[in-house]
Amino acid sequence: MNYFPDEVIEHVFDFVTSHKDRNAISLVCKSWYKIERYSRQKVFIGNCYAINPERLLRRFPCLKSLTLKGKPHFADFNLVPHEWGGFVLPWIEALARSRVGLEELRLKRMVVTDESLELLSRSFVNFKSLVLVSCEGFTTDGLASIAANCRHLRDLDLQENEIDDHRGQWLSCFPDTCTTLVTLNFACLEGETNLVALERLVARSPNLKSLKLNRAVPLDALARLMACAPQIVDLGVGSYENDPDSESYLKLMAVIKKCTSLRSLSGFLEAAPHCLSAFHPICHNLTSLNLSYAAEIHGSHLIKLIQHCKKLQRLWILDSIGDKGLEVVASTCKELQELRVFPSDLLGGGNTAVTEEGLVAISAGCPKLHSILYFCQQMTNAALVTVAKNCPNFIRFRLCILEPNKPDHVTSQPLDEGFGAIVKACKSLRRLSLSGLLTDQVFLYIGMYANQLEMLSIAFAGDTDKGMLYVLNGCKKMKKLEIRDSPFGDTALLADVSKYETMRSLWMSSCEVTLSGCKRLAEKAPWLNVEIINENDNNRMEENGHEGRQKVDKLYLYRTVVGTRMDAPPFVWIL
C-alpha cells in the first residue's frame, strides 16, 4: 500500500479504534509505525509500572486520552497491601512537562493525591474527562480544584473510591460558566452535599446525561433535580426514604413520568421499598439496573420492579433476590446480556440466598446472556453442564462459591466436569473465575479447550504443579493469571519462563512458591519485574541457609520495558 499517500493511510487508521488492532497495524512496516505513532490519541496501559510516562510520550506525542491501571486485581479483595504503590503523580508531572494536549484521564486502583488533581486541573487547558475507579489518597479539596479549573469539563465520574470529605462545598467550586457537563457521579462520597450548588449546576447543564448521587441527596432534592434535567439517561438515586403519601414522593412520581429518556437506574443507597412504584412507569425503557448497593430493596417490592423491566440487558443485584426472584428475571428479561449477583451476607451466617437452581433458570430464560458473576453457597456439576448447553456464548464466566473447597453438594464430587463443560461449550470465553472443590483435571480441560481465555482467577484449587502447567501450556492467549491458596510451586513457575513474555502479569499468594524459585525466575527473565511482597515484622525475607525452602507470601510478576520501579515500599522486594 505504499502508493497511498500518508494522509489517506492516516484517515483509514482513524477508523481503527481497538487498541489491539492499532498495535498490530503499527508492526506492518516503518511507514505505518510512524503514521500510527502520530495519529494515535487514545492509549491504554494495563500496568502503570510496565512503562514510564517519558517513554510513552516519546512513542505517542499526540496523546489526548490515557487509561492507566495501578494495583493488581486482587487488591479488590484486600490481598494487596495498602501502601504497595500505583502513584499517579509522576505520570501527571511528566504529562504536564511535555505539554501534551491531554483531554481524558481514566485511572483504576491508583493512588491519587490532591496535589496530583491540582496539577492536572491547571496543566491542560482543554481537559474534559476524569474517571476514577477504586482509587484512593485524595479528598474533596482535589475535586474542588478540578471543578474550579477545568473549564471544559464534560465528565467527572467517581466510582467506588476512598475519598476523605473535608467539606461538602466542592460542588460550589464549579464556575457559573460551566455548562458542559455530560456525566456527574459522586455516589461514593460519604459527606454532606451542597444541594443549592448541585441544583444550580444541573440546571445549567443541558447536555447532562448521567447523574449519580450520594446518600446525602434526599428525595425532595431528587425531584427538583429531575425536573431540571428530564433528559437524564443514567440516574443513580441516593437517599430514597419517604412516606408514599408525602408531597415529595408525589412530586417525584409526577417528574419521573416525564423522564422518558431514562435507560439506566442505580443506587437506592438508603431506600423505602414501598416508594419504588414511582419508577414503575419508566421501567419499560430501562436497559440497565444496578441494585447491588440497595440492601433494603428485596422481596415483593424488588420482584414488582423487575417485572416492569422487560428490556433489561444488564442487571446487578444482591443474592437476597433468591432463586425465585431469579426465575422472575429469567421469565421477564429476555434481552439480558450481563448478570451480576453479589453476596448480601458476606459472613455467611444467613440462609442460602441463591443456588444452582437460580443459575439454571437464568441460563434457560435468557438466551442472550454472555457475561455472569454469580456468588452462591452451593453448586452442582449437573447445573453447570446445563448452563453450558443453554448459554454457549459466554465471554465472561465468574462463579464464586462462598465456602472454599465445597464439592458438588449432591454427589460430593469435585466440580471439574461442570467447569469442563463451560470451557468446552463456550468457545469465545475470555475471562474465567473458578471456585469449589477442584482437582488438576479441571485445569487440563481449561488448557485443552479455553483457546481464547485471557484472564483466569483461581482460589483454593488444584492438586499438583501439573494443574498450573496445563493452563500455561494450553492457553496461548492468556494475559493475566491470578492464583491464591493453591498448591502450585516452583516447578510450575519455572517450567516455561518464555510464556511470561506474552502475558501481562502473574499473581500467586499463599501458594508453594519459594524465594529460591523466584530468584531463579528473575535470573532467567530479566524483562520481568519479580516482586516479593512480605508483610512480616522484618519487612524482609530472611536471607539465611534455609532461604531456598522459604515460601513467599505473595509473588507478583509482570512485563516491563523500563526495569525496576523506584517507589517500592520496604515490604516489597524486587528481584
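Positions of Cβ are set from backbone N, Cα and C atoms, glycine also.
Over in Swiss-Prot, the protein carries these features:
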{"type": "DOMAIN", "residues": "1-47", "note": "domain 'F-box'"}
{"type": "BINDING", "residues": "Lys69, Lys108, Arg109, Arg340, Arg396, Phe397, Arg398, Arg431, Lys479, Lys480, Arg504", "note": "1D-myo-inositol hexakisphosphate binding site"}
{"type": "SITE", "residues": "Ser134", "note": "site 'Interaction with auxin-responsive proteins'"}
{"type": "SITE", "residues": "Glu160", "note": "site 'Interaction with auxin-responsive proteins'"}
{"type": "REGION", "residues": "343-348", "note": "region 'Interaction with auxin-responsive proteins'"}
{"type": "SITE", "residues": "Phe375", "note": "site 'Interaction with auxin-responsive proteins'"}
{"type": "REGION", "residues": "400-404", "note": "region 'Interaction with auxin-responsive proteins'"}
{"type": "SITE", "residues": "Arg484", "note": "site 'Interaction with auxin-responsive proteins'"}
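Location within the structure of each feature annotated in Swiss-Prot.
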residue	record	Cβ within 10 Å
Lys69	1D-myo-inositol hexakisphosphate binding site	21
Arg109	1D-myo-inositol hexakisphosphate binding site	21
Ser134	site 'Interaction with auxin-responsive proteins'	18
Glu160	site 'Interaction with auxin-responsive proteins'	13
Phe375	site 'Interaction with auxin-responsive proteins'	20
Arg396	1D-myo-inositol hexakisphosphate binding site	18
Arg398	1D-myo-inositol hexakisphosphate binding site	18
Lys479	1D-myo-inositol hexakisphosphate binding site	16
Arg484	site 'Interaction with auxin-responsive proteins'	19
Arg504	1D-myo-inositol hexakisphosphate binding site	17
Cα distance (Å, whole number) from Arg396 (1D-myo-inositol hexakisphosphate binding site) to Phe375 (site 'Interaction with auxin-responsive proteins'): 14
Distance from Arg484 (site 'Interaction with auxin-responsive proteins') back to Arg398 (1D-myo-inositol hexakisphosphate binding site), taken between C-alpha atoms, in Å: 16
Secondary structure content of the region 'Interaction with auxin-responsive proteins' (400-404), with strand meaning DSSP E or B: 0 helix, 2 strand, 3 coil
Coarse DSSP state, helix versus strand versus coil, of Arg504 (1D-myo-inositol hexakisphosphate binding site): coil
Glu160 (site 'Interaction with auxin-responsive proteins') versus recorded positions Lys69, Ser134, Lys479, Arg484, Arg504 - nearest by Cα: Ser134
Inter-residue C-alpha distance, Ser134 (site 'Interaction with auxin-responsive proteins') and Lys69 (1D-myo-inositol hexakisphosphate binding site) (nearest angstrom): 10
